[in-house]
Structure formats: C-alpha cells, structure tokens
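K.L.:
Below is the structure I would like to discuss, written out as structure tokens.
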Amino acid sequence: MARGSELMRGSPPGISLIRRLRGKDWSFSSYRYAVLLITFIAYTCYHASRKPISIVKSVLYPEPETVVVSNPWPFGSVFIKEEPLSRAKTKGWAPFDGEDGPSKLGEIDVAFLACYSMGMYVAGHLGDRLDLRLFLTTGMIGSGIFVALFGMGYFWNIHAFGFFLFMQIVAGLFQATGWPSVVAVIGNWFGKRKRGLIMGIWNAHTSVGNITGSLLAAGVLQYGWGWSFIVPGAFIFLGGVLVYLLLPAYPEDVGFPCPYSLGNNQETGPGDLEVQSQSNTGPQVSSTNRRSVGLFEACLIPGVIPFAFCLFFSKLVAYTFLYWLPFYLSQTEIGGDFMSVKSAGNLSTLFDVGGIVGGIIAGHLSDKLNARATTAATFMYAAIPSMLLYRFYGGVSMTWNIVLMMIVGLFVNGPYALITTAVSADLGTHSSLKGDSRALATVTAIIDGTGSAGAALGPLLTGFLSTKGWDKVFVMLMISALIAGLLLSQLVVTEIADMLKRKQSANTQCFGGSPSQPLLTDDDQM
C-alpha cells in the first residue's frame, strides 16, 4: 500500500510499531473505531481531572460536625448516613475555612473556567493549524501536572490563596486544548450520517469522566485531600501518553484521503476510501496543507452565534451541578439524614448516569427529526420543571433524590452534549465552507468557549447565592434554562417549517404528485 512521505511522518509512533509487528495495515473502519476509543478515553481523562475540586469542597470548607451511623446504607459503604452532633464547625483548610469559604471556592472555580473559556478561542484557532495529536498530548500532560500540583499544596502545607488560584488558572489554560481537538478529530473521521447518535454515544465520555473523577477523588480522600488531585492528575498524564502513541488526527496521516477533501464536500464511504488508499501512488493532500478559517469568518457560519449563546446558559446550569452538587448533597438533609462527603461524591455520579442517557436520546432524536435546535430547546424547557421537582422533593427520601437527580441530569446534559458535539461538527463542515477548509476546531472553540464563559459564571454565582439559601440557586438555574431555550427560537421555527415542507412533499409523492425537486432523506440533508 503506497503512501507519501508526508503521511508517514504524521503516523503516530505506536501505530507505526503495530504496522511493523502485524506486517499489514488496519482498514479504514478499524481506524475509525480506534479514533472513537482513544478520543473517548482522552476526554474522559479531561473531565475526571476537573472533578476533584467538587469532591473536596466540603473538606476545605468546614461543615457541621457529624458522626457516621454504625450500619452502612443502602449499598454497603457507598452511601453512608451521617447524623449531625451539633452545628459547630469542624476545622477545614485555610484559606477556605472562614465565613467567606464558599465565596473563595467560587472564585477558584471561576478562575479555572474563565481561563478555560478564554483559552478555548486560542486553542481552537491553533488546533486548525497545528498537529492535533501533539497539541492534545501537550494539553493533557500539562493539565495532569498542574492538577497534581494543586494537591501538593496539602503535603507542602500551603495556605496561600494565590497558590491555589494560580494552579487553577494554568490548569484551565491547558484544559482548553481538549474539546476543540477531540471534536475536530472525530469530525475528520466521521461524516454527517447519523452523527447525532454516534456523537451522543461518544459524548458519554463527559459523564464517564465525571463519574471516574468522583470515584477516584472520593476513594483516596481518606488518605488526605491532596491525593484526590494527584491521582486524577496522573490519570490524565497517562492519557496524554496514550494519545501521543496511538491517535491519528487525520485520515491522511495514516494514508487515507479525507472524505471532505474529495470535492463538493460530500461524504465518501469507507469502502471507497479503502480503494482510493490502495490505488493512490502519488502524494496526497497533507493534513497540514488545508486552508484554515479565521474566528470572524467562522462566526458568520449560519447557526454558530445562536448555538454559542444557548450553550452559555446550558453550560451555566450543567457546570453548577458539576462543581456544586456533591457539596449541596452533603449540606442537605435527605430523608432526615445528612451524608458523608465521600457518600455525597459517590451519589452525585448518578446525575451523570442520567446525562449519558440524555446525550444519547438527544442525539438520536435530532437525527430522526433532522432538527438539532428543536431537540436542544425542548430538553432545556423540560429541565425547568425537573429542577423544581428536585429542589422540593429531592429531600423526601433517597429514592426520590436518585430518581429526580437522574431525570435532571438527562434534561440538562442532553442539549449540552448535543450542541458541543454534533452541532459543532455540523457547523464546522457547513456547506458554506469549501471542502479544503479547516473550521472544525475553530467553530467548536467559538461555541464551547462561549459556553464555558457561562460555565464560569454559574459556579461563581452559586458560591455567593448558596450562602443566602439554595432556593435562590435553583431559581438562577431555572431562569438560565429558560433563556437557553428561547435563544434557539428562530432556528426552531425554521426547523419546524422545514419539517412541515418535507412532510408535505412526502404526501405529494404518495398521491402521485411530481414535485420540482427530489425529496431528500435525513442523511442527505445532514
């Protein structure tokens, strides 16, 4: 199988070694599966390394002194009841142990997320110009180092607020490399056919990462809160090594032509690519030779701005749960009992279980209806009564809390997953772009960067509002969900009109009509 020298230079070292050992190459479909798995692991690592701060909040900020009931409930030592002895505060960790502890923790969150948001625009722009594999590797290894350094503050007995703030700022900048890169890689390997469902399943890495990070951080918390950062930091560091060794960022890097550089922006099937790769004896277009798209040009792509601002409010809601749900659970009576910090962290993972289901359902529905905006808006509207029910009835019993929490996770994470994956990839390969344009990472950065600004604002406001009562926090979340849905109103109207036209055209054909244009299938339109 012939390949150009440029392509061989782009082959990851691990894949080159596997080729030599096997004596033959993988098929295009095999590479697709490998890319799905490696990028899934990569972003699982990213989210796992963000979770420790939410787990240790109740350790850094003092809480009511509690005693553990002797018999674990209801699943062994996973969820353990606690009963408050008094409202006297136990010792936390300076500088977070004062009355302004929640505010300082909120500032730590916003420092991370603000730098993550600003870094996203730069990272997306660079991601369309640099080697995505090396760019992603650098971000993961850098993230691991600074997440672990935050935890080292425990062992070095550091109590300076500036130290923890700086670690979060730098970690946020490194974390910004992740999302534009993995979405761009997936967009390079997968066309638009059933993209919503594929990416809905693939996007489970967000929730799997949250669950993994919670379990890792909570599992070692008893040995000192520093370990809750060091272990996830090592996890993403090793993930970066895996990406460097095995991730082919572009099909061209392993000898296959890219589906989007074959003319008229049409998707080419795996079988066609196999034939072209085997018959191609001349140099192919390298992944480094495509024309990149600027930020302003990417903003002009239809749909980018509405979805970006919708994601601002959607991520505000999602990240408030991500960063504050374990703290909320540990400070709230559930069935008349309080939970331990470890149990609250474990219980909060069920929110992400609901999020996995929500992402898959949202992706599947948007594929069937060919209506991304309508699906996202519907989920955001449904999240409002879900959060209201969770606030008022989540404390009735553990069963009610679990069921309602998973429902909230389904409706909150569904549109968040849909917009950051399928929508971003759709817009990054929009028909207004030429086939050789590289806009996937840039468009993803604009949408998720704007969303991450909301992700920074939500936890910050929660740090202040939670001191005045959790009802105010939930009001903020419900208003944000409403605004997120309303921002897509124009796109929703357009999609509904298109669906009615398609239905009318289908009826015309059924009754023997002869429409001027052939009816397009969902896959053709996507």
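The first residue you see is number 1, and the count goes up from there.
Heads up, the Cβ atoms here are built off N, Cα and C, so glycines get one too.
Unlike curated entries, TrEMBL annotations are predicted automatically.
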K.L.:
In TrEMBL, which of the ranges 267-286, 507-526 has the region 'Disordered' annotation?
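P.N.:
Spelled out, TrEMBL records region 'Disordered' over residues 507-526, not the other listed ranges.
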K.L.:
Under 8 Å between C-beta atoms and at least six residues away from its ends: which parts of the chain pack against the transmembrane segment (202-221)?
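P.N.:
Residues 36, 39-41, 43-52, 54-56, 59, 186, 227-229, 231-232, 235, 322, 326, 341-342, 345-346, 348-349, 352-353, 355-356, 359-360, 363, 409, 413, 417, 420-421.
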K.L.:
How about the transmembrane segment (227-247) with the transmembrane segment (134-156) - do they touch, taking at least 3 C-beta pairs under 8 Å (6 or more apart in sequence) as contact?
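P.N.:
Contact between the transmembrane segment (227-247) and the transmembrane segment (134-156): present.
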K.L.:
Using a Cβ-Cβ cut-off of under 8 Å, list the residues of the same chain that are 6+ residues beyond the ends of the transmembrane segment (162-190) and lie near it.
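P.N.:
Distant Cβ neighbours of the transmembrane segment (162-190) are 31-32, 35-36, 39, 42-43, 46, 49-50, 53, 107-109, 111-120, 122-124, 127-128, 132, 135-136, 138-140, 142-143, 146-147, 149-150, 153, 198-199, 202, 247, 249-251, 258, 260, 287, 420-421, 424-425, 428-429, 440-442, 444-445, 448-449.
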K.L.:
Same chain only, please: residues at least 6 beyond the ends of the transmembrane segment (439-461) with a C-beta under 8 Å from a C-beta of the stretch. Say none if there are none.
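P.N.:
Contacts of the transmembrane segment (439-461) (Cβ under 8 Å, skipping residues fewer than 6 from its ends): 106-107, 109-110, 112-114, 116-118, 120-125, 127-128, 132, 176, 179-181, 183-184, 187-188, 292-295, 297-299, 301, 304, 307-309, 311-320, 323-324, 416, 419-420, 423-425, 427-430, 433, 473, 476-477, 480.
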K.L.:
At a C-beta cut-off of under 8 Å, are there same-chain residues at least 6 beyond the transmembrane segment (134-156) that contact it? List them, or none.
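P.N.:
Long-range Cβ neighbours of the transmembrane segment (134-156): 42, 45-46, 49, 52-53, 93, 123, 126-127, 163-164, 167-168, 170-171, 174-178, 181-182, 185, 224-230, 232-241, 243-244, 247, 249.
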